[in-house]
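Copied over from TrEMBL, here are the features:
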type	residues	note
BINDING	Arg101, Thr392, Leu393, Asn394, Asp416, Ser445, Ser446, Gly467	L-glutamate binding site
ACT_SITE	Thr374	active site, nucleophile
Amino acid sequence: MRFLLLSLGLCLLLSSCREEPKINYSATKTADFSTAAVAGPHPLATKVALKVLQNGGNAIDAAVAMQFAMAVVYPRAGNIGGGGFLVYRDADGNSEALDYREQAPAAADRDMYLDEEGNVVQGLSTRGHLAVGVPGTVAGIAEMHRKHGSRPWKDLVGYSIDLAMNGYRLSQSEVGRIKRYHDDFAEFNKSTPFSDTTVVEGSLIVQPALAATLRRIRDKGAAGFYKGKTAELIVKEMKSGGGLITLEDLANYKPAWREPISKDYKEYRIISMPPSSSGGLCLAQMVEMLEPYPLSDWGFQSTPAVHTTVEAMRRAYADRAEYMGDSDFYPVPLDSLLDDDYLAGRMNDFREDSAGTSDAIVAGLEAVRESYETTHISIIDAAGNAVSITTTLNGNFGSKVMVDEGGFFLNNEMDDFSAKPGVPNMFGLIGKEANAIMPGKRMLSSMTPTIVEKDGELFLVLGAPGGSTIITAVLQTFLNVTEYGMPLAEAVNAPRFHHQYLPDVIVHEADALGNGVKEDLEKMGHQFRETKYMAVIKALQRLPEGTIVAAADRRNPDDDVKGY
Ligand code: DON
């Protein structure tokens with residue numbers, strides 16, 4: 001059996017088995033394997049998943065162990081203090097989605113981030129204790145294991161305890177990040193394992209408090225987090241900084257199995273995350289709007305292809321702002337939003353020769369201001385079960401609050417709510433009533449863990465971090481493979497663009513829209529902003545004869561992370 005371990009650093013070792021791509025987008029982080037594959041953001045966590053698979057565990061077992069391992073070695077995004085989504089397709093073709101997104105605490109209020117004049121108080125939803133939603137990760141991992149796990153829970157959690165106690169070595173970029181966030185850590189914490197600015201490349205990070213928390217989770221399952229000592233530590237931490245989460249909030253947290261969004265596009269079927277994510281809905285809307293157009297004839301990033309794709313993006317994100325939120329709390333019109341006639345009608349006002357307009361409700365803020373902090377893992381096991389998981393703290397190290405004696409960072413996911421109608425969040429996204437804050441509600445996400453079938457067979461497993469750019473990155477990667485005929489690594493690495501309705505600009509990478517395309521689009525009335533920040537895809541592709549191709553994105557800022 002040959003397994004694929006694809007991750008940062010290690011993946012470079014695997015590059016020799018690739019042919020030179022037609023278009024060279026530095027497609028170095030890719031490899032082909034025959035049985036099972038794991039793509040993830042950190043080699044140590046990916047190794048853990050690999051070990052689980054080699055010991056006969058299935059894709060869910062590997063994902064369980066890997067997520068806990070990421071909470072140890074990838075603390076800026078891997079987490080037990082955040083939340084996430086699973087899209088799962090078993091080897092028989094049954095698919096389901098697990099929503100373990102954070103929830104607003106019971107004491108949360110729709111105007112909690114507004115001052116007396118009704119203006120949003122900058123920073124309140126992004127930094128510190130008030131920014132924290134009730135974490136869902138541990139409940140989600142326990143639930144996916146309860147339903148689909150085959151290996152003992154204790155063994156799977158055990159890997160992360162070893163990593164926390166034995167330590168991991170810092171890369172140069174991780175050292176830089178520790179220094180950059182020092183003042184934030186100092187503002188909200190007495191001390192953390194990441195507060196020492198004398199660290200250098202190769203310094204060992206040992207996390208005994210986190211190991212103790214993980215032992216409680218190992219011994220008691222989700223109750224080791226949501227009840228007893230860990231819950232008490234979280235609540236104590238909340239009280240120390242004006243946070244809202246109570247013991248009841250924690251005890252009441254429940255993940256939810258949901259019907260995935262499923263949409264056919266030619267011979268493909270896209271299976272993706274429903275609300276509380278907007279990802280699957282927007283992705284499905286965009287492919288349906290684009291299906292009638294001859295994208296492959298037009299060619300990759302030709303003027304008409306970009307123009308049409310941008311206009312589909314604009315319309316999907318307009319619907320996101322208006323209609324999308326947690327469907328347990330707001331009647332998201334799922335059927336209407338996915339209706340073929342509705343979506344065909346959505347393009348009625350599309351003009352081939354000129355840009356559409358987004359109502360200028362607000363002046364355009366930066367669409368993406370921070371770097372990538374969420375994390376995506378794609379796994380296919382030897383039986384053909386596929387796991388697509390995106391999990392997050394939201395910002396780098398979340399709220400920057402670490403639970404004292406608990407050893408883990410808490411999310412700042414409350415910023416994904418619409419703090420005030422029409423006022424952009426940190427990704428420049430706006431929302432309205434559908435995504436207003438309510439106690440117990442989940443904040444709207446853009447995370448888009450996705451599985452694609454071709455002619456009914458497993459074809460792609462993909463997803464990404466990257467805030468609002470996640471959905472358009474998944475769309476473009478899908479189209480690059482299916483319409484533009486690219487091998488997976490090229491599809492992942494090809495330059496990208498992004499439009500999210502507001503601000504009304506095409507955000508694009510420096511190497512996108514070349515050969516006069518940008519100038520042509522400008523003449524049609526489009527506006528632009530160049531960015532360095534785009535989603536970071538992790539993707540697997542199963543070829544017809546069973547080979548699994550894996551590709552990690554050239555965009556990952558952590559290329560130097562240590563695999564030891
Ligand atoms: O759920 C969301 O859409 C965001 N909290 C994801 C954040 C993210 O991807 C951060 N990386 N840039």
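Just so you know, glycine gets a Cβ as well, placed from its N, Cα and C.
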Residues among the binding-site residues Arg101, Asn394, Ser445 that border ligand 1 - Cβ under 6 angstroms, in sequence order: Asn394, Ser445
Number of Cβ atoms other than its own within 10 Å, given for Thr392 (L-glutamate binding site): 28
Under 8 Å by Cβ from Asp416 (L-glutamate binding site), same chain, sequence gap 6 or more: Asn394, Asn425, Asn435, Met443, Leu444, Ser445
Cα-to-Cα gap, Leu393 (L-glutamate binding site) vs Thr374 (active site, nucleophile), nearest whole Å: 7
Cα-Cα distance linking Thr374 (active site, nucleophile) and Thr392 (L-glutamate binding site), given in Å to the nearest integer: 4
C-beta crowding around Ser446 (L-glutamate binding site), within 10 angstroms: 29
Candidate binding-site residues Arg101, Ser446, Gly467, pick with smallest Cα gap to the residue listed as 'active site, nucleophile': Gly467
Position of peak Cβ density within 10 Å, selected from the recorded positions Thr374, Asn394, Ser445: Asn394
Neighbouring C-beta atoms (10 Å sphere around the C-beta of Leu393 (L-glutamate binding site)): 33
For L-glutamate: widest Cα to Cα gap among Arg101, Thr392, Leu393, Asn394, Asp416, Ser445, Ser446, Gly467 in Å: 15
Where Asp416 (L-glutamate binding site) falls in three-state DSSP terms: helix
Local backbone state of the residue listed as 'active site, nucleophile', from DSSP in three classes: coil
Secondary-structure category, per DSSP, in which Ser445 (L-glutamate binding site) falls: strand
